[in-house]
Amino acid sequence: MTLERTLSIIKPDAVGNNHIGEIIARFEKAGLRIVAAKMKQLDRKDAEGFYAVHKGRPFFEDLVGFMTTGPVMIMVLEGENAINKNREIMGATDPKKAAPGTIRADFAQTIDENAVHGSDAAETAKTEIEYFFKSQDVCARKR
């Protein structure tokens, strides 16, 4: 088992529907620890920079627009195999295809407004964490 860190964002739809606590509880029940967190209203520059990898794809403008509609909760999660564990808890990108009991099956409405974002690989997690957090803002947790 590998101790990893991953970035998780609770998106504007889930924040607006007051699902922050329920989503965090699922991460913690799965053994993931929050080692950094902040609520932030993304502006266009923030969203475009974070999702720059998708620039030029048909959904880019809608994604950037959606991510700036309200505040988001941004967290660094830490735990054994945190990246894959987080992705399992989130469920498939399309909530209609997400397994029952996953965050997206329970809280997302559409593939565009799908409640959460999670890093997909170790390299991506590192880049995404550094986009939102300085290293001194990430707190190691021993217990």
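For all residues, glycine too, the Cβ spot is worked out from N, Cα and C.
The active site, pros-phosphohistidine intermediate feature in Swiss-Prot is assigned to His117; the stated evidence is sequence analysis. Annotation source Swiss-Prot lists ATP binding site at Lys11, Phe59, Arg87, Thr93, Arg104, Asn114, citing sequence analysis.
Location within the structure of each feature annotated in Swiss-Prot.
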residue	record	contacts (Cβ under 8 Å, 6+ apart)
Lys11	ATP binding site	Phe66, Met67, Val72, Glu113, Asn114, Ala115, Val116, His117
Phe59	ATP binding site	Asp112
Arg87	ATP binding site	Gly118, Asp120
Thr93	ATP binding site	Arg104, Ile111, Asn114
Neighbouring C-beta atoms (10 Å sphere around the C-beta of Asn114 (ATP binding site)): 23
Max pairwise CA distance, angstrom, over record-listed ATP binders Lys11, Phe59, Arg87, Thr93, Arg104, Asn114: 21
DSSP three-state assignment for Thr93 (ATP binding site): coil
Cβ-Cβ neighbours of His117 (active site, pros-phosphohistidine intermediate) (radius 10 Å): 21
